[in-house]
Amino acid sequence: MFEQVDTIAAIATPAGRGGVGVIRISGTNVPVIAQSILHKLPKPRYAAYSQFLNAQGELIDQGIALYFPAPHSFTGEAVLELQGHGGAVVMDQLLAAVLNAGARLAQPGEFSERAFLNGKIDLTQAEAIADLIDSASVQAMRSALRSLQGDFSRKINKLLEQLILLRTYIEAGIDFVDEEIDLLADGQVLRQLTELQHTVKAIFNQAQQGFLLKEGVHIALVGEPNVGKSSLLNCLAGRETAIVTPIAGTTRDIVRDQIQLDGMPLHIIDTAGLRDTDDIVEQEGIRRTKLALQAVDLVILLLDDRYADDQATPELLASIPSKPLIIRNKIDLSGHEAGISPQGMVYISAKTGAGVEDLKQTLRERLGLQTQTEGTFIARRRHLDALTRTLTALQNAMSYIHSYQNELLAEELRLAQQALSEITGEFTPDDLLGQIFSTFCIGK
Ligand code: GDP
Ligand code: ZN
């Protein structure tokens, strides 16, 4: 037989033991596979209690079979779901029988990819499925759900419509008018272009919030031993956070990954101070710390408020790339008032919790996190990149209006449309698609 086996199957539930395990099958061979395993094709969309049999007719398991004929399924193809008992051996046996009956093992993300290729969902929705499953906070989960429901795509599509209208208008002018038309004199074009830029900026800001929720920010917490770094982290982590496990890096740095601020993950490197040292191991630690400091979004310098500022050695200050957030701790001992000084220093006690709310507020401001996350949708780096390219193209288009270069203007608008279309996947190179779906788990 030369017919290509395009039917895919995978265990959709997590590996290991569970009450129920689900095998998902999608493709044209589904009816054949159903006949082989169930000895019948279940009534569409009805839970059919059934025995699951192998090719020799031996019983593997019994459970629920669900059949969704094409195109009314998640992938848009015929889909069969077999819900059996969630044991590793049972699931493996059942999967083997399904593969034997005419399916091949699905690649990671292949079900979602088929759903996308068959027009069931767009690319941002496919990504939102993965992000929903991976979400680490309620806020991230809600944002992923909003993307999954199409909030993000709708905004992009509306923008695309406006952009296409403008392009049509301008290109008609270029093609059918003999002499160059003066688009600058035509206030309409300028106004629409300005409006488009505003909308792209607004969407970018929302997407950036979603990106922060998903990816979090990287913070280095720097200070001499005993100033209270660990105490501050525990204080910020609060009760709802799992016990932080130190991941061994060097002897001098510890990464704690469990802290969240308004649902945004804070990836914090806790480092010791940077002193001059002859110790080779310590020097290596310092070298790594300095490298790490270059890569973070924010450096927090923690000082003991009982002592003067010179706790931060010039060596240390010199290795901090951007303006650090300075926190003065232990005000319960120094007697200083809690809160933010006019210079932006934050006075706290990690022991009593005084000033910690002010600190959180300062962090939100410094990290560009809006407290109001309603309307935020989950976003990825590639979405932000595409929006940035859209904005650049629109800005270029604007400058070409002023220099009366209508052909170049039209070209920039085409580029803007192309960048926007990449977001929803309407115009996305195949290798990028492959890259996106390959990061999904198998069975998704
Ligand atoms: P690290 O070495 O910078 O991580 O400092 P630790 O968090 O381990 O704290 C060193 C010591 O200072 C511990 O005994 C803490 O209980 C204490 N400490 C930390 N913060 C405060 C504070 O705000 N007030 C008081 N009184 N003690 C604190
Ligand atoms: Zn510590």
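Just so you know, glycine gets a Cβ as well, placed from its N, Cα and C.
Note that the structure is predicted; figures quoted are calculated from it, not measured.
What TrEMBL records for this protein:
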type: BINDING; residues: ARG24, GLU81, LYS120, LYS444; note: (6S)-5-formyl-5,6,7,8-tetrahydrofolate binding site
type: BINDING; residues: 226-231, 245-251, 270-273; note: GTP binding site
type: BINDING; residues: ASN226, THR245, ILE247, THR250; note: K(+) binding site
type: BINDING; residues: SER230, THR251; note: Mg(2+) binding site
type: DOMAIN; residues: 216-368; note: domain 'TrmE-type G'
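The binding-site residues listed here are LYS120, LYS229; among them, LYS229 has the most other Cβ atoms within 10 Å of its own Cβ.
The separation of LYS444 ((6S)-5-formyl-5,6,7,8-tetrahydrofolate binding site) from ASN226 (GTP binding site), Cα to Cα, is 47 Å. For ligand 1, the binding-site residues lying close by, meaning a CB under 6 A from one of its atoms, are ASN226; the full candidate list was ARG24, GLU81, LYS120, ASN226, LYS444.
Counting in whole angstrom, SER230 (Mg(2+) binding site) lies 39 from LYS444 ((6S)-5-formyl-5,6,7,8-tetrahydrofolate binding site) by their C-alpha atoms. Put simply, LYS229 (GTP binding site) is 41 Å from LYS444 ((6S)-5-formyl-5,6,7,8-tetrahydrofolate binding site) when counted between their Cα atoms. Of all the Cβ atoms in the protein chains shown, 11 others lie within 10 Å of the Cβ of ASN226 (GTP binding site). GLU81 ((6S)-5-formyl-5,6,7,8-tetrahydrofolate binding site) sits 51 Å from LYS229 (GTP binding site), taking the C-alpha atoms as the reference points.
LYS120 ((6S)-5-formyl-5,6,7,8-tetrahydrofolate binding site) carries neither a helix nor a strand DSSP state and counts as coil. Only LYS229, SER230, in sequence order, out of the binding-site residues GLU81, ASN226, LYS229, SER230 have a CB under 6 Å from ligand 2. Taken together, the residues of the domain 'TrmE-type G' (216-368) have an average pLDDT of 79.
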